[in-house]
Structure formats: structure tokens, C-alpha cells
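Visitor: Take a look at this one; I'll ask things after.
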């Protein structure tokens, strides 16, 4: 696993470091103010079936993110 | 009076601190968005209250750029504050500091309550709070809101002057926060606790869905068990003690006449029947106290337990997918769930949703398909006579209607559907004294607000009957009620009273000796056609007159359609 992938492409248990957050200013701001920022290490806890939300762990917090928003988060290797 | 604003991220314990400061009774839960409207209370600094502050519990925000209505309320409040108590989650310092810096830029005197301080230890987080105060330039007090630790020091250190800092860009703020965190916080590795593992299992679809089924089945089973137990062993014996007094009054009034009709009601075979007599001091007291309250008590206990444990956000994640089919997202489970207790707080809780469209759909669905606890208790009484199948059909019909109607509303009213973006708090062992206080507040609200409404409802029923108005409207409406819904004309009285109180309305059906299918249809129609007056007023305020009109038309249409369909099928 090398290079950059979207958060939606991660499987449960996988870990990645946030490389970039894309999308409009508002969305980027919301994502960052929840504590998901460039350089942070995310662990995917679960993916709900049928394109449901993804639950990640960041800094010991669990956050549920819809798929559309998760696509805006680009992760690289840790 | 000077105003203190309690501000901070969602679910950091602002309401617990508010309750400590003011002694005001407020709801404290373990999910983001418990407080959707600001609450005010007064804090006295001395015995005779000469030095006092008005304390305002503001809904939680992650930043000063609001994304939901509850958050807008919070940001608007800022202009009025003289002092800010910034409540910070000590286990999530980094993210919380973003709002802290934004608030400091407003140059309002501010102090930090470093809350959930007790949780830092088992989370392996160590914070040098003195260093933090030094770096920020404002006072920092470690607190534990639910137990009261640190609250005295917080109050005695309220600042008078603001610290001037220059406004920063987003980028600069995060750089500054990074620097502060490096100098003040040490995180050591800790082993996952049982609660954390359970937390992850209950949000994983494979284990979480069976877990949810068990939790819900257990909860409803227990509510029924405890409710029936309370009726048999506590409330019915209580009314047996009361019965001789009622007979005495009945004798005194001569067993008939206007006053007797209103107070005692009709004697059934020469005897007082608490369910059927329909008098103020017979049925009027028996329905709310001996039929509804026994279910309200266990219901609110379990609802509060689920709220405080942190289970609701996990349920929100599991159900997110289904909610999207209705134009909502998972967090809409919160208003729907609260609506099972009482539709009024349910309607208010729709404020956790981001768009007007979501709030419209969620409120409408709740008003139509979510019966409140009082109504459910009476449905148990009415339909339960025919066993569990009838009750099952009623609730299944409401559930299926919710999905279909939600799908239709999503299609008819187009618009964007925001996605779920929700912090899932850790499971917490409820703080029992706080939990019991909350249950008591809810039961008390039922006794104070609902019981008089029930009595008023029964009074209105009697007056309308005596004046012949119910018979008049009955004749007018009978094509619909008997024709479409297949109910006896006598059920019209219940439908009229249903505008006022649903539990009384269902109670009015009891003496009619309806068949099982009639009971089911009547229960479903009563649940759907209109909210009770209290919910109506709140909905009107939240939705505005135009949307309320739309919502009302949808209610009436749904009730007639589903009721008519049941009439054909059953």
C-alpha cells in the first residue's frame, strides 16, 4: 500500500496519515474543526454496508463520516 | 445582571456545569446536541443574592461558523455575553482549543473549565493545566461537571477583563494549537477498556445490528414488565383505597345530574368504572395516573439510560443508511427517539439537523408515526386486550408508514441531503444521581403538565356531550369515519378529543367495545391524523405557518389513506 488513497478506499483496521483535504471551503472547515487535519493519523474502525458512513478513530476520538465527505479526505502512508 | 455564557464543543459537559452553577434542573446526556436551545439560570455569589449572574447554557459548537440551527443560536448569543466560561473536553484538548482561540479573538473576558478531568487518567492523557493557562494567558480550572469538582474554584476565578489577542487565520490557529499541545500534553498508550471494546462492537454492523435488536427488545420487554407490575402491585391497589371516597361523593350527588356527570361520569351497571365512567375524578384521574404513569416511569428510566450511556450516536450510525432513504441522516434518530417519550421535546430536537428540509421531514414523520409514551401506554391497554398481535400490527403499520412516507417526502420535496458527520462519544457509566434526577424531572413534567391537560380533556368531553356538539359533528363526519375507516360513529368523540390529548382519546375508545381490527384502525388513525395541541404549538413555532399547513395536510391524508387501507385489509 503506497501512494495516496481516498478514505473511502480504506478497509477496517487500516491506518493512514491525512495528506490533503479537498472540497469547498465550508466542508474543509467542518472537517478540520472536528479534528481531522493534515498530518493526523486516522484508523478506519468500521464501514457501514451499502455506502453507509465510515467510522474512524483520530486522536482517540471516534467520528462517523458520510461517504461523500470521506471522499474529500486523502490519506497517504503513515 | 451580567451574563455568563457557557460555551464549548458539543458533548463536553456544559449542561452539567450549568446545573452545578445555577441549581437549575437541565437535561444532561451523552450525545452531541442535547442542548438545542439556550437555557438561562441565575447564579448567586452570596447568600442573599446581591451579587448575581445570569448564566446561559449555549448549544455546543465546534467553531464560530455554524452548520446547524442549534449552532446558529449559539453564535448569535455571543453578542450578549459579559463573561465566557469556555468548557473544554480535557480528553480532546487539541480539537477543543480551536473554538477557544476563536472565542478569545472576540475579546470577551473568558475562563476555561477543563472538564471531564477525571476521564483523562484512564485515557492516558496528562495535561499541565498551569502551563496551558500561561500559554493562553487566561485562567484554566480543571473540573468534573457531574460531580462538582472544581466548580467553586471556577466561580471564584471569573475574570473581569479580556485578554487582547490578534485575530489569526485558520492556518495560524492550528499552528498555535500544535505548539500549545506539544508543551502541555503528554499522551501515553493505554489498553482498551471493556467499555471501549463494547463501544466499537456496537457500531460495527456485523455485531452492532444484533446488539441493537437485543437492546431494543430488552428495553421494551422491561418497560412492559415494570409497567404491568406497577399497575398490579402499586397503582390499582392505590385506587382501591380511593374508591370508597368516590362512592361517597357519588351518593352525595344523588348518583346523577349535571355535576355528577362531570365529576363522576356515568355509572356502568350502577357501579363506578374507572375506565368507562368518563368523570373528572374517576377516569380523569385513573387514565393518567394508573394507566399511563406506570409505563412513563420505566420508559423514561430506560430512555435516560440510553441517552447517558452514549448508545444513541451508535444507533445513529447503524441506521444512517435507512434514514438517507427518507432524506434524513442517522442523527434524525434522536428526535424520533425522544418523540417516543413526548413529541414536544422530539420536535425541538430536530434542531440538531442541518437543513430546513430535514427538519420538516423529521418533524412531520415524528408527528405522524411516533406515538408518545402516554399514547403508547393507552394503545397497550386498548389493543392489548386482544393479545400482542394487535399491538404488533399497530406499531408495524406506523413503522412501515414512516418509511414509505419518508421516501415520498424525500421525493416530493427535493433538496440536498447533508451527510452524517458525528462525534461518537465513549460509553460512560451513567452518573446515577444525575440520571435519577433527569428521570424525575421528566416524570414531574408529565404530572404537572399532562395530568391537568387530561382532566381538561375529560371536562371538555363531558361538556361537548352534554351540549350535543359531539353528536352533531359525529353526524357530519360519519361518512368518513364509518365509510372510509369502518369505525362506529361513537369513535368520533375520541377523534375530536385527540386534538387535545391522545391518551384521553384512546381511553374514550375503551367503553366502545371495539373489535380487534377496529381498535387497531382507531389507534393508528389517532396516532397519525394530528399531533396533540402541545406538539402542534411547538411545531408551528419551529416550522412556520406555511410548512405547518403542508405538514397538517400530509397528516390528515396519511391517516385517511392508511386507516382506509387497514379497513380494507383487516
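Think of each number as a place in line: the chain as shown, counted from 1.
Glycine residues also receive a Cβ, built from the backbone N, Cα and C atoms like all the rest.
In case it's useful when we look at the structure, here is the feature table from TrEMBL:
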| type | residues | note |
| --- | --- | --- |
| DOMAIN | B:1-164 | domain 'FeoB-type G' |
| TRANSMEM | B:206-226 | transmembrane segment |
| TRANSMEM | B:280-306 | transmembrane segment |
| TRANSMEM | B:326-348 | transmembrane segment |
| TRANSMEM | B:360-380 | transmembrane segment |
| TRANSMEM | B:386-409 | transmembrane segment |
| TRANSMEM | B:446-474 | transmembrane segment |
| TRANSMEM | B:480-500 | transmembrane segment |
| TRANSMEM | B:520-540 | transmembrane segment |
| TRANSMEM | B:552-569 | transmembrane segment |
Visitor: Residue list, the transmembrane segment (B:280-306) vs rest of chain: Cβ under 8 Å, 6 or more residues beyond ends.
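Guide: Non-local partners: 29, 215, 219, 222-224, 226-228, 230-231, 234-236, 238-239, 246, 249, 262-265, 272-274, 312, 337-338, 340-341, 373-374, 376-378, 380-381, 430, 435, 438-439, 442-443, 446-447, 450-451, 454-455, 458-459, 462, 503-504, 507.
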Visitor: Cβ pairs under 8 Å with the transmembrane segment (B:326-348): which stretch of B:446-474, B:480-500, B:520-540, B:552-569 has the most?
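Guide: Out of the listed stretches, B:520-540 contacts the transmembrane segment (B:326-348) most.
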Visitor: The transmembrane segment (B:386-409) and the transmembrane segment (B:480-500): do they have three or more Cβ pairs under 8 Å, with pairs 6 or more apart in sequence?
Guide: no
Visitor: Short question: which residues 6 or more past the ends of the transmembrane segment (B:360-380) have a Cβ under 8 Å from it?
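Guide: Distant Cβ neighbours of the transmembrane segment (B:360-380) are 224, 227, 287-288, 291-292, 294-296, 299-300, 326-328, 332, 335-336, 339-343, 346-347, 350, 353, 391, 394, 398-399, 401-402, 405-406, 409-410, 413, 446, 450, 501-503, 506-507, 523, 526-528, 531-532, 535, 539, 542-543, 547, 550-551, 554-555, 558-559.
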Visitor: Who are the long-range neighbours of the transmembrane segment (B:552-569) in its own chain, taking Cβ under 8 Å and residues 6 or more past its ends?
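Guide: Hits for the transmembrane segment (B:552-569): 364, 367-368, 397, 401, 405, 409, 480, 484-486, 517, 520-521, 524-525, 528-531.
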Visitor: Mind checking which residues of the chain, 6+ beyond the ends of the transmembrane segment (B:520-540), have their Cβ under 8 Å from one of its Cβ atoms?
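Guide: Non-local partners: 343-344, 347-348, 363, 367-369, 371-372, 375, 379, 382-383, 390, 393-394, 397-398, 401, 449, 453, 485-487, 491, 494-495, 498-502, 505-506, 509, 514, 548, 551-552, 555-556, 558-560, 562-563, 566-567, 570.
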Visitor: On average, what pLDDT score does this prediction assign to the domain 'FeoB-type G' (B:1-164)?
Guide: 89
